[in-house]
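Q: Quick one: this structure, given as structure tokens, is what I'll be asking you about.
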Amino acid sequence: MDCQPIVDKTYKKVLAMENSGNVASYIPELAKVDDTKFGVCLTTQNGEVFTAGDATVKFSIQSIAKVLSLSLVLSKIGDDLWKRMDFEPSGTAFNSLVQLESENGIPRNPLINAGAIVVCDIICELFDNPKKALLDYVREVSGIEDLQYSENIAHSEQQTGYRNFALANFIKSFNNIKNTCDQVTDLYFYLCSIEMTCEQLSYTFGFLANRGKQFNTGKTIVTPNQAKRINAIMQTCGFYDEAGEFAYKVGLPGKSGVGGGMVAILPGSYAIAVWSPKLNKQGNSYRGMKFLQYFTDETQDTVF
Ligand code: GLN
């Protein structure tokens with residue numbers, strides 16, 4: 001199906017609206033980004049690619065990468081993951097500590113910071129060189145052979161990552177972190193530092209639209225049931241305290257990051273990535289939300 005006319009029409013509509021919100025400034029490196037950037041890319045199971053705007057400009061994917069660390073760990077240890085965390089929506093901000101106290105250091109889900117930090121701890125347990133293992137995995141899934149971590153972004157977040165240090169230490173006090181907090185937060189900051197373009201990101205997430213198999217190559221990244229479950233977790237937890245609104249407005253599983261990126265999946269069909277750095281109050285891209293809402297309203301694509 002030729003999606004280009006609807007991509008173009010929706011892009012123009014959102015571009016003409018006010019570009020509201022603020023770029024994330026608590027990570028100094030992210031505050032330097034040009035907030036007028038706006039890119040879209042939709043990649044289909046059949047290999048079609050539809051783009052608009054800054055689709056080939058690299059940006060920091062931040063928490064979108066939490067889906068990839070989750071895929072890696074699920075493919076390695078399967079349901080044992082759920083001994084260390086839950087898969088329930090949190091209804092709280094991405095960096096919240098509040099539920100950990102009453103829930104004995106068991107994070108609500110793997111897509112909030114607390115859960116992603118425990119996932120990083122598991123990666124540290126599984127591999128001798130966790131940073132390399134994670135990068136190799138993301139290279140494989142994305143097909144970007146020369147992908148590197150962004151040292152600038154990782155270091156920048158390391159300087160100001162007080163919340164994440166607090167989370168790691170708090171979880172460790174319940175014995176749900178096995179390595180040192182420094183090892184685990186280091187891996188977490190590098191995970192969040194990964195950069196991709198909208199084109200690369202939509203291809204990377206194709207496996208979740210394709211029963212766990214990479215677009216083009218057909219290589220198995222996760223099993224069909226793991227893909228189903230990752231999509232379910234994105235649907236219920238991918239947008240933190242805005243997950244309900246995203247489901248209501250967009251109707252697809254998806255994930256956001258504070259770099260202003262967003263991906264959404266139509267299982268059996270496509271993955272779409274949108275990037276615009278200004279964020280709403282919940283830390284999700286303002287234009288990204290608008291674009292995906294108008295796009296799926298127009299195409300009537302939904303999982304519901
Ligand atoms: N690196 C960011 C943080 O830990 C990721 C948050 C996000 O993208 N929502 O604060």
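Glycine is no exception: its Cβ is also placed from the backbone N, Cα and C atoms.
Below, the features straight out of TrEMBL:
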- S63, N113, E157, N164, Y188, Y240, V258: substrate binding site (BINDING)
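Can you walk me through where each of these features ends up in the structure?
A: S63 (substrate binding site) falls within a helix when secondary structure is assigned with DSSP.
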Q: Which of the binding-site residues S63, N113, N164, Y188, Y240 have a Cβ less than 6 Å from any atom of ligand 1?
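A: Among the binding-site residues listed, those whose Cβ sits under 6 Å from ligand 1 are S63, N113, N164.
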Q: Using the structure shown, find which entry in Y188, Y240 (the binding-site residues) has the sparsest Cβ neighbourhood within 10 Å.
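A: Comparing Cβ neighbour counts within 10 Å for the binding-site residues Y188, Y240 gives Y240.
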Q: What three-state class does DSSP give V258 (substrate binding site)?
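A: Where V258 (substrate binding site) sits, the three-state DSSP reduction gives coil.
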